[in-house]
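This report refers to the structure that appears directly beneath it.
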Amino acid sequence: MSSVRPAAPSPPPGGLPGPPPPSRRRRHHRGAAAPGPPPGSPPAGAPGSNDVFVTSRSDFRAQLRRCQRLLAPGGGPGGGPGAPGAAPGAPGELRLHGLGLAVPRTINLALQLQAGAGGTLRLHASTSSVPLRAPRARRRHTGDTGDSGDTGGEDGDTPRHNSAIHIRLCREAPCA
Amino acid sequence: MAAEGGRAKPVAQSRMENFRKVRTSEEEMPLPFPDLPPDVVEMKVKEGSKIRNLMNFAMAQMELQGRRQIVFSGCGRAVTKTITCVEIMKRKLGGLHQVTKVRYKTVLEVWENQDPPPDGPAQNLTVHKNVPSICILLSRDPLDPNQMGYQPPEPRHEVGEDTLGSSTKGLKRPLPPPCEELLPKKLQVQVSDSSRGTGTTAGQQDH
């Protein structure tokens, strides 16, 4: 019995290295606001939550478009209106998180979204400090003193922190 | 002489290479907090401000002078430092109510033409920039919890785990890459010669 199966990627018989799988090639995608989670990255939000972690490296216009899509009616974290798992929770609500150097960009993004929404968006900003857990060995190797945090001592026992901002964007009614 | 963002960027760059920024000023804006006492202390955090100096003054005002409220404000690259000061103060004092407001602040930059035309007057380029800014009110007294941007005091057990002296070391960081964000910008050319009038061209950066 011979059944026709869809061509599965298999290593070439000669042992030559084939093209990397798509997942590996997409690992360093720069267009989205939240690329893949490298070690030390912010925790992934709950499934279905509209959390956007703003980075200072990704394209600002792409971040803006993504947030506008998430804020649009029916636009959820899964994509378009018909996408599976789209917008189960509060529609039209978005939470932007910015850490360190990305804080001004986060504010800019929120204000741009508010300006583009014609005044129907409300901003609820809050600040916090995020404990850093930079590996000391890497800092010693690269010469980085880890001075991006707001606190920290000369000994390695003192926890270091970095400033963060969290902006919740809601439509009309104030956020709880 | 309009240098509009987006599509006109290459043209603007080729014309802007002879200009040099000679003056930067911020537009005065009232604090976005109603019902503040007139003598409230406002800490205007700049990019080059030392956190040690800021915190020494702010802590003296809150502890020695017995102030009940204090405002921290900063714009642009000083926003992170502003939040840092607030977080240090919250951690050291504890029990502080906080209200955070974000908005745009208009910054006026004057660029001077280093290579003016031989037969014409020197041209000054005035750039209106909208930079993101933050204003944070810290208060010992309870604030309205229903207003936007309110944060209640944090639990007491997290307070006092850090010292002020350890938080003031090395906050200088390299400049970010050239900004290509969507900062609304207006360009205005001011020709100093009154006989030629004021040639004004305002442009809003495309979104």
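Each Cβ is built from the backbone N, Cα and C atoms, and glycine gets one as well.
If you check TrEMBL, you get these features:
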type: REGION; residues: B:1-34; note: region 'Disordered'
type: COMPBIAS; residues: B:17-26; note: compositional bias 'Basic and acidic residues'
type: DOMAIN; residues: B:42-105; note: domain 'DNA/RNA-binding protein Alba-like'
type: REGION; residues: B:142-207; note: region 'Disordered'
type: COMPBIAS; residues: B:189-207; note: compositional bias 'Polar residues'
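Nonlocal intrachain contacts for the compositional bias 'Basic and acidic residues' (B:17-26), taken as residues 6+ away from its ends with a CB within less than 8 angstroms of a stretch CB, comprise 75, 105-115, 125. Secondary structure of the domain 'DNA/RNA-binding protein Alba-like' (B:42-105) per DSSP (helix as H, G, I; strand as E, B; remaining residues coil): 32 helix, 20 strand, 12 coil.
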